[in-house]
Amino acid sequence: MKIVVAIGGSILLKEYDCKKFQEYSEILKSLASEHEIFVVVGGGKPAREYIGVVRELGAGEAQCDDIGIEVTRINAKLLLSALGDAAYQKVPHNFQEALEYSATGKIIVMGGTEPAHSTDAVSAILAEYIHADKLINLTSVDGMYDKDPNKYEDAKLIKEITASEMIEFISGKDTKAGTYEFFDMTAIQMIKRSSLETVIANGYDSENLIKAINGEEVGTKVISK
């Protein structure tokens, strides 16, 4: 299968060390023996902190986005370092480059691409662009909830949801740079338009990636309706 994996920066950089990079590199290398793997890495806390600084300096949202994109590309380079020869050692800056680099048969790792697109959106657009079979989004919670699980103890995990229902749920949410708490609208629209099989799961347990690819019950499954 051709698979796009989105990994939140907060997953890889929670402790600001190399452990998660090493952990994921081993799993990705194993998966690459059977699948064509593309990875999109988020910015996480470092991106939010830098964006906060530049916003205080009076920068507009487009400039804030640019800062965030640069951080995602640094994170991508860190994962490339962990992957070594198993990955193409250059970060694509756009979808065409990602497709071209994939001709090497190696794992492709990228970050953001342009202002106003979160890495969730980038992963969904990339999946459509390369005609991926599956999109796996690894985040800091167990999947999609009916409300913020970090704020509400009674938040319930949604095991299955349609893309149309997600669009209704997300409508009106904040979309400032660095504030994406879940999928943004562009990502969901891409999933719906391309009928893309998507799973959202907790990335702190890297084994969830394997479960999602194997079709086991994990996280939230998004149905492209």
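The backbone N, Cα and C atoms fix where each Cβ goes, glycine too.
These features come from Swiss-Prot:
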BINDING   Gly9, Ser10, Gly44, Arg48, Thr139, Tyr145, Asp148  ATP binding site
BINDING   Gly43, Asp65, Thr113, Glu114, Pro115, Ala116, His117, Ser118, Thr119  UMP binding site
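Projection of Swiss-Prot feature records onto the structure.
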{"residue": "Gly9", "record": "ATP binding site", "Cβ contacts under 8 Å, 6 or more apart": "Val41, Gly42, Gly43, Gly44, Lys45, Pro46, Ala47, Val71, Thr72, Asn75, Thr119"}
{"residue": "Ser10", "record": "ATP binding site", "Cβ contacts under 8 Å, 6 or more apart": "Gly42, Gly44, Lys45, Ser140"}
{"residue": "Thr113", "record": "UMP binding site", "Cβ contacts under 8 Å, 6 or more apart": "Ile69, His93, Asn94, Phe95, Val122, Ile125"}
{"residue": "Tyr145", "record": "ATP binding site", "Cβ contacts under 8 Å, 6 or more apart": "Ala155, Lys156, Leu157, Ile158"}
Greatest C-beta neighbour count within 10 angstroms, which of the binding-site residues Gly43, Gly44, Pro115: Gly43
Nearest recorded site to His117 (UMP binding site) by CA-CA distance, among binding-site residues Arg48, Thr139, Asp148: Arg48
From binding-site residues Arg48, Thr139, Asp148, the one whose Cα lies nearest Pro115 (UMP binding site): Arg48
Asp148 (ATP binding site) CB neighbourhood, other CB atoms within 10 A: 11
Packing count at Arg48 (ATP binding site) (other Cβ atoms within 10 Å of its Cβ): 18
